[in-house]
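Here's the structure we're looking at; comments come further down.
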Amino acid sequence: MKLLSQTLCLCLVLALSHAHHHAGHQDGGDEGHEGHDHAHHAGVMLDRCQGLEMDAVAVTEEGIPYFFKGDHVFKGFHGKAELSNKSFVELDDHHHLEHVDAAFLMHFPDKPTEHDHIFFMLDTKVFSYYKHQLETGFPKDISEVFPGIPDHLDAAVVCPAPDCEEDTVIFFKGDEIYHYNVKTKKVEEKKFEGMPNCTSAFRFMEHYYCFHGHQFSKFDPKTGEVHGRYPKEARDYFMKCSKFGDTTDHIERERCSRVHLDAITSDDAGNIYAFRGHHFLEQDAGNDTWAAGTIESDFKELHSEVDAIFSYENHLYMIKDDNVYVYKVGEPHTHLDGSPKPLKEVLGVEGPIDAAFVCQDHHIVHVIKGQTVYDVDLKAFPRVPVKEGSFTLFDKVDAGMCGPEGVKLFKGNHYFHFQSMKVMLMARSIPEEHKTALELFGCDH
């Protein structure tokens, strides 16, 4: 499957130039903080696309990444920098604003006293913020809050169980790796062989990234193993830098649009296709990035606007109005002779429909039409729809897909997750909503 031209800015983070700020701060650099000229710094035009390396990153409780460079912060994955003291006043009060060594969000819902607290490591001190307010008693020595963890860190990232054996914060200093057990406060030193020294680390979409210079590597937080073709250029993936690809803005718009999806599916190999209007997004299995294209370019027989799509036996069944278009997955996707065929002939259902999907290792396509769910056996001929039940939590849905994690139903700019079809049909209340742009496509909003 082809990932069209340049893959975009999937949302994430940065790289750090820790060597620069260490050289200044361990050699009496703090003296320069006293004469901090904010008007002067406010006039500095920082551009993350001009070879800029960040100092630290933290995700807010709202899920927005904050990238720190000197006394500035970039909020989100694109946009201009602003002074950090606008958001974290006390950092400036303590004259540590020239740099941030490491930052992370302590995200452990079952630990209410620590949950959603943002920690900043600056030289020998740690600052703890809750809802952008410095907590009483802070700053404190790093050794007091995180005993056994050294000063002048390079990076830090939270690793909740089961990603790590227990809820953990991983601290990086050179090639030294420290696993800090949040519950017991015990520290275990690790050796991450084969992974570059991290100048920043970040957990995003349940994956872990180590940044070193302008490059990044995805790693296993338990072992430090790096799988796949890494390192990669950070600006190609995690920043909106148009000069790095002529489709960057194009992809950004499609990923981060708040317009609802028309259809979505995952094929047998795990590649995901999502359709909206005249465009579609695709993600290769095992890859964290998305690419975009026009329906006209890859599925020219459809032209635009798809009602539903499902994958079965290495073919994509794309439903538009009362017709079904069938494509064999490949490079390029091959439109089958004799297609399109009437929806009534292929699935035994009258159009239009709202969603259709096949769960893994099954040959039943589940068709949602309004508040009715039909099952159609794809191995049977003729195919006869059997009413599986009613789904009354929503008057209608925009799209749906099924995979190893269960069923996702899409409505508006949110999706709703059910562990299985049975759970979905038995549900009596709407489950937690997830933001499609943020949690599926990796946008910053």
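For all residues, glycine too, the Cβ spot is worked out from N, Cα and C.
What you are looking at is a predicted structure, and each value in this text was computed from that prediction instead of being measured.
Annotated features, as they stand in TrEMBL:
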type: SIGNAL; residues: 1-19; note: signal peptide
type: DISULFID; residues: Cys49-Cys241; note: disulfide bond
type: REPEAT; residues: 97-149; note: repeat 'Hemopexin'
type: REPEAT; residues: 150-195; note: repeat 'Hemopexin'
type: DISULFID; residues: Cys159-Cys164; note: disulfide bond
type: REPEAT; residues: 196-241; note: repeat 'Hemopexin'
type: CARBOHYD; residues: Asn197; note: N-linked glycosylation site
type: DISULFID; residues: Cys198-Cys210; note: disulfide bond
type: REPEAT; residues: 303-349; note: repeat 'Hemopexin'
type: REPEAT; residues: 350-393; note: repeat 'Hemopexin'
type: DISULFID; residues: Cys359-Cys402; note: disulfide bond
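Comparing CA positions across the recorded positions Cys159, Asn197, Cys198, Cys359, Cys402, the one lying closest to Cys49 (disulfide bond) turns out to be Cys198. Put plainly, the disulfide-bonded residues Cys164, Cys198, Cys210 were compared by Cβ crowding within 10 Å, and the winner is Cys198.
Distance noted between the C-alpha atoms of Cys159 (disulfide bond) and Cys210 (disulfide bond) is 13 Å. Taking Cys164, Cys359, Cys402 as the disulfide-bonded residues under consideration, the smallest Cα distance to Cys198 (disulfide bond) is found for Cys164.
Around Cys359 (disulfide bond), the C-beta neighbours below 8 angstroms that are at least 6 residues distant in the chain are His366, Cys402, Gly403, Val407, Ser420, Met421. In the repeat 'Hemopexin' (97-149), helix, strand and coil residues by DSSP number 4 helix, 21 strand, 28 coil.
Sorting the disulfide-bonded residues Cys49, Cys159, Cys402 by the number of other Cβ atoms within 10 Å puts Cys402 first. The number of other Cβ atoms within 10 Å of the Cβ belonging to the residue listed as 'N-linked glycosylation site', over all protein chains shown, comes to 17. Note: the CA-CA distance between the residue listed as 'N-linked glycosylation site' and Cys210 (disulfide bond) rounds to 8 Å.
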